[in-house]
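According to TrEMBL, the protein carries these features:
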type	residues	note
SIGNAL	1-24	signal peptide
DOMAIN	14-162	domain 'Thioredoxin'
DISULFID	C81-C84	disulfide bond
DOMAIN	362-505	domain 'Thioredoxin'
DISULFID	C427-C430	disulfide bond
REGION	500-538	region 'Disordered'
Amino acid sequence: MRGCGTRLVWLLVLALAWLDPALGGEEEDGAVVAEEEEDEDEVLSDELKEEDSVLVLHEHNFARALSEHRLLLVEFYAPWCGHCQRLAPAFAQAAATLRNESSVVRLGKVDATAQAALASEFGVTSYPTLKLFRDGNRTHPLAYTGRMDAKGIVRWMQRRASPSATLLHNATTAAAFISSQDLVVVGFFKDLGGEAAQVFYEVAGEVVDMPFGVAEAAELFQAYGLAADTVCLFKKFDEGRTDFPVDPAQGLDAAKLTQLLRVHSLELVMEFTNETSDQIFGAKIPHHMLLFLNKSSSAQLGLRDGFRAAAGAFRGQVLFVVVDVTGFGADVLPFFGMTPADAPTLRLVKMENNRKYQMEQDAFSDTAIRAFVQAVLDGKVKPHLMSAEPPEDWDTRPVKVLVGKTFEQVAFDETRNVFVKFYAPWCSHCQEMAAAWEELGERYKDHKDIVIAEMDATANELENITIRGFPTLHYFPAGPGRKMVEYKSARDVETFSKFLENGGTLPEEPPTVPKTPENSTGSEEPSPLGTAESRDEL
């Protein structure tokens, strides 16, 4: 969790997997600039050097690297970037694996802060950025879309080093291919050179965690009961096979097919584990219905039958997930304001805004579950909002401590200007600015019309405000209208004061262009409470 020392909670996985499974976070650089001029005594050549099996690239050897390696995946990084530092071991591990397997595939890296010309040429504006260069072509690199771990990088590169789909010649090879894995995709096309088949190959190149086969033999169409072009998902669970016929008029749509495969490759009811978490969030299903239970209780295990019976009616719209409160799922309980003693219980999470819904009375029949889910989808159920209890001295401190129950009366007090910090206890950026916020509270503690406050957004939720990163700062000006202004400038006492003294805006000043990137005044921790962008903004 960005170095905060805690394990995954439910929506931190969402922040990393829902928005961008390829990156899992990035750090932006408004303009890529060189950190400092290179040592005049150092003369760079086109020699290709390595660090941990990764080619070290710069403007003098980049062309040579492209000419010598047919498939070259390049990471553009910044030395100070936390995401890049966390990626480095996995990137090196993937580089070593791929180098041992094939001379065709290599991995390289470019310090984009020192190699400004290369960063500019390839449009690098955030870190890390990974691009694949093929056959020496430097004008149209392919953006990396895999997962940011060693296994994901290796899979993604292997798929591009070989045909994305295996050609199945006859019934024997098809049967062997289909039985070889728990989950396989086969495209049946009467013309492998046609547009639909090409879209299928495109999808096969991107969806690297499923094996893809392709067939055009008439005997295979007959063997599998098909009369027209069809994509078939074969699986050793649930219904066993799902067909996606190709529309004769519209053909195949790559994005739609990818989503269908993601949805139907999941079991109808998933168990939340370390191994399945990527699948659960990678499918991008907009709602999650969760059954929290204690797997050591046979009575609670029996509740899965009704849960499963309800799931089929919502496939693709609601993902049904079982969470063991004594196993891997224990770590997500605080996000729901729960303890193991609350099991068995049901919750529905709306993924776009992290709203959580709770049945008024837990009922575990398939009929009751279906009715509850449909009511939430129809907008007939209000979200369940968590709130901590306010400390006894919450309003006597220089920095007022807000909770869900007290937020409205303070933030929307029409007689006061209220500046609120929304934080997470584990967030390192929040901890770094804590002293400045306390100093700000001291500075304005005797101002009757200005209130400095803070709220733990991991323990308190608000109906109409979604916190997407930590820390988030909002200013609520006095007067009617329930106005709110998000503060996005430097996080120091003097700038805060200018903002407050100027009525919730900063006075305009001549722009300055720093010589080096500064990552101390706008960085955010991703929120485990929402669909936050997982990045540190500069």
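Backbone N, Cα and C atoms are what each Cβ position is placed from, and that goes for glycine too.
Structural mapping of features recorded in TrEMBL.
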residue	record	Cβ neighbours (10 Å)
C81	disulfide bond	23
C84	disulfide bond	22
C427	disulfide bond	24
C430	disulfide bond	23
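Summarised as a single figure, the pLDDT of the domain 'Thioredoxin' (362-505) averages 93.
Between the CA atoms of C81 (disulfide bond) and C430 (disulfide bond) there is a gap of 18 Å, rounded to the nearest whole number. Counting in whole angstrom, C430 (disulfide bond) lies 21 from C84 (disulfide bond) by their C-alpha atoms.
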